[in-house]
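First up is the structure itself, then whatever we jot down about it.
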Amino acid sequence: MASVYIPVQNSEEEVRVALDQLPRDASDILDILKAEQAPLDLWLIIAREYFKQGKIDQFRQILEEGSSPEIDEYYADVRYERIAILNALGAYYSYLGKIETKQREKEEHFILATQYYNKASRIDMHEPSTWVGKGQLLLGKGEIEQAFAAFKIVLDGDRDNVPALLGQACVEFNRGRYSDSLELYKRALIVHPDCPGAVRLGIGLCRYKLGQFEKARQAFLRVLQLDPENVEALVALAIMDMRTNKVGGIRRGVEKMHKAFEIYPYCAMALNYLANHFFFTGQHFLVEQLTETALAVTTHGPTKSHSYYNLARSYHSKGDYEKAGLYYMASVKEINKPHAFIFPYYGLGQVQLKLGDFRSSLSNFEKVLEVYPDNCETLRVLGHIYVQLGQVEKGQEFMRKATKVDPRDAQAFLDLGELLISSDTGAALDAFKTARSLLKKGGQEVPVELLNNIGVIHFERGELELAEQSLKEAVGDGVWRSFIEGKVNVSTADATACTRLYKDMQIFTQLEADNVNLELPWNKVTALFNLARLLEQLHRMEIASILYRLIIYKYPDYIDAYLRLAAISKAQNNIQLSIELVNDALKVNEKCPNALSMLGELELKNDDWVKAKETFRAASEAADGKDSYSTLSLGNWNYFAAMRNEKRAPKLEATHLEKAKELYTKVLVQHNSNLYAANGAGVVLAEKGQFDVSKDIFTQVQEAASGSIFIQLPDVWVNIAHVYFAQGNFALAVKMYQNCLRKFYHNTDSHILLYMARTHYEAEQWQDCKKTLLRAIHLSPANYVLRFDAGVAMQKFSASTLQKQKRTADEVRSAVAELQNAVRVFSQMAAGANLHYHGFDEKKIDTHVGYCKHLLEAAKVHCEVAQREEEQARQRLELARQLALAEEARRKAEEQRKKQLEKRKLEDEQKRVQQQEEHFRRVKEQWKSSMPASKRRERSDADDEEGGHSEKRRRKGGKRRKKERSSKSQYETEEAEAEIDDQEDEDAHLNYGEPADQMHDQDDEAEENAQGVLAAAGLEDSDAEVEAVPPVNASRRRKAWSESDEEEEQRPESSPVRENSAELQESDGEFMADKEKPNRDEAVDDED
Amino acid sequence: MKIAGLKSVENAHDESVWAAAWVPATESRPALLLTGSLDETVKLWRPDELALERTNAGHFLGVVSVAAHPSGVIAASASIDSFVRVFDVDTNATIATLEAPPSEVWQMQFDPKGTTLAVAGGGSASIKLWDTATWELIATLSIPRPEQPKPSEKGNKKFVLSVAWSPDGRRLACGSMDGTISIFDVARAKFLHHLEGHFMPVRSLVFSPVEPRLLFSASDDAHVHMYDSEGKSLVGSMSGHASWVLSVDVSPDGAALATGSSDRTVRLWDLSMRAAVQTMSNHSDQVWGVAFRPMAGAGVRAGGRLASVSDDKSISLYDYS
């Protein structure tokens, strides 16, 4: 073991000090050194030895003692050693300063170091080692240029000064001049081939920076050969290994990192890289520990930035966006230029996006885009953000750019499609299809979401077959396939179960018992739901219901499936089951606005008004008033409440109507394109008589509704027709009703037929009216109102025919026939009335019967008159014809006679003429006898009566007109007029009762009677109308209900759309997640 | 199993055609198609040309149903005015005019032996049975009323629309507005039970000719149900029509079902698959009636005929094979 010999003063002896046996207490040595006045180089050697042994305190003690003023004094002429001691201290403190992380201590160390160097300089200005030390110190302080000057001074003096060369190389490296740096390192190595491995480390780093990876690797390896514990080299090699991105490479890299970490646990870079590695292996705890350590040990900006970034990523992936955001922020703060390290910007952008801070997110992503202008991910994210900010155009622009940048990036097309879905389904479909074919070409599995979206768009566009294909592809194989293909027999139920079919889960337990795999992966649920929805559209309810039930069986919280089943059973009028299903849905989420709204509709169907209103309220509250459907339902509720005519309360009606309007308007404010709200507003306006405005609204709604298969808005057609009707445009009204009936109801809605009949009635097209009513009866046999109305129509037809000035006997006969029919209809109803089939007043029907019978009586007379007239006409005709015939015959006879005269057969001919004439007479008599004997007196009576009729009639007619008006207005129900109408209605009743009595009393007085009856007839007519009105009104109310029905129907139908949008959101989420992933991949590339 | 269009007659009636039935062949003539229409006439057509054999007047208000006696000699037609006219097919001589006020008349069917005519009695919630020899009303089969009818409920939910005899003549089924189907024991004139599952009007019913317990029902809920009429169970439910199913008939071999619907189509269903195998869209309006021609010789499917009638005033004839 090496020893030093301290010469004993004034003797030849020396004290041997074994360097490996230095005393623990440096004072012992110091005493000897001082006592023996040992040369200063010995001091330095011993101090260094202490340093090497890690006994820093002793090292410092000796050096500090060695640089004390007394020593200076004593060894004043020993300059070099004194400088060396000072430099050693300076170097020591610069080192301390370099590794110190706390700013204040760091500065203190540097100040001390500076003091020592300055002291050394004072001893000798030109000592190169001092300059080298100063250079290192300046480097450590980050004052690159001054360090450069310091090293230059040394190198100018001695261009082969190795420490200066190394220092200068370091300076050049930091300046980014890697090739210059490399040259300097090389020179140092040439000058001093045995220099420590660290020099080669510099070479390696330069090579690395210059992109000469192989040579860099060699250099690092060489370093490790020389110094197997060189952390930097290990880390560098590890990084290079990791960057190969191959499994083996990464593993080797991680091993090296581990080694480096074991050697020196405070190397920030190693820590960062290890953290990075553990991030990908998902060991977030380690990531945090490592990066926190790294942060504690480094002040180096980029390294810190990297550490913060690692931490941020860790939190980001754990979903702690707040923290992640903070750390990203910290990371970004450490970066001077985004170009140096862009990833934290990306991460920050993502987190801000997630937290909804679109503006900040936008600016961060834009920074990323500046660095990587063609980065697809960034383009897509930007597109997404712009859409979120409402700048859809710009968003699409970015997405399009992304697809252009990489036309084979399926994800970009996917995103573009999702973007376009709300604005341009066609383009969206194209984008999706491109994405699908790209994925298929690439041999990748096409995601379920994509296929689902394609399917749904086809569905929306009404391309049901394509939709089915795509959705089937999306759901793939599973038990549902055997359901769809009908391979599993599913329908067996006994009588008790068949009303509850849609709640039956037995088949699934049965199937499971049979070991059929019922597995339904969560990501296929949506697609399966949509498929079921599609099958519903294709009227394959059985399968659809099974699929819904399967969804519920596997995912009992899937509310939409319950609602669809409820909608199906509602469509089949199974209200009880429907309510149960909705309640099941409410068990899952008692505040689900959709379920509540549906429940409200069902309660309305059950005539549970108060309950329904409460339910709608609850629905509206559950959605914070934002759910337009429940608001609309409330609006409708109010409207219906206003239209109820059982309880007439004008004030209440007005408030209800006002409230309805308010609610519709509220919805319109929220969604200015809500067709139903617009329709509702139109209805309210129409109720107030503003037909032109309402017609405009209806027409616009109708146009808007003609686009999608999910929007079925027959009400607006009906409403337009109502407006036409109210404006007296009967032909157009009928056309509109017909179109609506055909387009939306498969001609099965008897209410609309009733509206049509009413229009025909107003237009006095009795036969059309009757035919229409008969059709309605055929469709809806149990609706006796229709029968009554048909009776009225026939009565009306007959009455008007009989009152015509000119009519043929045929007309009269048909009028009579119709009257008989009317009598039959009315009397049948009268007979049935006591069975309580319908809500008709027996008396009223009796009166109708009576009136019709009376009319029949009268008609007999009419009939006779008509027949007589006809007969007379015919007789006249006949006479003329006879005359003509006789003439002709005579002429012929004449001719013949002439001929006969010539042939002398005149006698025979004359006989024949006589015979002919006789024949004619016989025919004439036959005709005469075939006609009933006519009495002139009766006829004149009839005429008189008729005169009275027509006069009276005209007057009555005027009044009638007015009544019609009022009844019409009642139809449109302006409450005030309705009130009047009400009174009139009652008046009519009163009046009507009287003359009816008169009819019996004054039977003898023919003329008076006729007038009395006529008055009765007039009133009867109007009464009949009034009678006809309430049913219409009632049915209108019903209709209004059906309006809501319809909407209700629309609702579930729109549910897939919602579902859809939910789905879109979902996939949005995935889309986000996806985006994060590639980003993470890129993050591997980072390097500070 | 398929149907192929043979012949269609446009404007066969002046108005919507609402009813169709086949009059079985007699020794002197082949089977004839009987149709009834809103135009108040009943017409007889001779297949396969669908040549108009005769037009019968005598009804007021639309003709809603027609039925033929199994002998092929007499037939009945009924209209909204609730009259049933029984007439001689070949001479059009009126044999009887039936009415049972206040009961209306909807679907009618002769029993398989031809001794009784069953008439769906609408709002009377009953089936009226008429003796075909005396034309006397022999029985009224009433649907029991629910124990506690709600006073609020207007109208009669048990309004009877449709009626069907079991092939052995022992059972009668009737369908009502509320969707329930009621089964009666004819011999004892006794109500047996309800078949549930529909909640909308059942406008047409038919028993399978080969499985006497099997009953098919067509309802406004767009479904066709298959019931075991004795076991009270729903055997199957078939959907596919987009709107009301107005009419249903079973093929004579019992293998196929034909339905007519408001969705303007005629569908052919394979009963073994319980699925629609064919959809005919030749009508342009609701198809109110479908009827298979009864088989002359049993067991042979060839030469089967199916007729359909529609609101579009036309009638169509198809070959069923």
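Yeah, the Cβs are placed from backbone N, Cα and C, and that goes for glycine too.
Taken from TrEMBL, the feature compositional bias 'Basic and acidic residues' covers A:899-927 (among others).
Positions annotated as compositional bias 'Basic residues' by TrEMBL: A:951-965.
According to TrEMBL, the feature compositional bias 'Acidic residues' maps to A:972-987.
Summarising the annotation, TrEMBL assigns compositional bias 'Basic and acidic residues' to A:1072-1082 (among others).
What TrEMBL records for A:899-1088 is region 'Disordered'.
Using a Cβ-Cβ cut-off under 8 Å and counting only residues 6 or more beyond its ends in the same chain, the repeat 'TPR' (A:197-230) has close neighbours at 166, 169-170, 173, 178-179, 181-182, 185-186, 188-189, 236-237, 240, 263. Here TrEMBL flags A:197-230 (among others) as repeat 'TPR'.
Here the repeat 'TPR' (A:342-375) returns a mean pLDDT of 79 for the predicted model. Summarising the annotation, TrEMBL assigns repeat 'TPR' to A:342-375 (among others).
According to TrEMBL, the feature repeat 'TPR' maps to A:376-409 (among others). Taking DSSP states H, G and I as helix and E and B as strand, the repeat 'TPR' (A:376-409) has 27 helix, 0 strand, 7 coil.
The repeat 'TPR' annotation in TrEMBL covers A:714-747 (among others). Mapped onto DSSP classes, the repeat 'TPR' (A:714-747) shows 29 helix, 0 strand, 5 coil.
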Counts by DSSP class (helix H/G/I, strand E/B, coil) across the repeat 'TPR' (A:342-375): 26 helix, 0 strand, 8 coil
Number of helical, extended and coil residues in the repeat 'TPR' (A:197-230), per DSSP: 27 helix, 0 strand, 7 coil
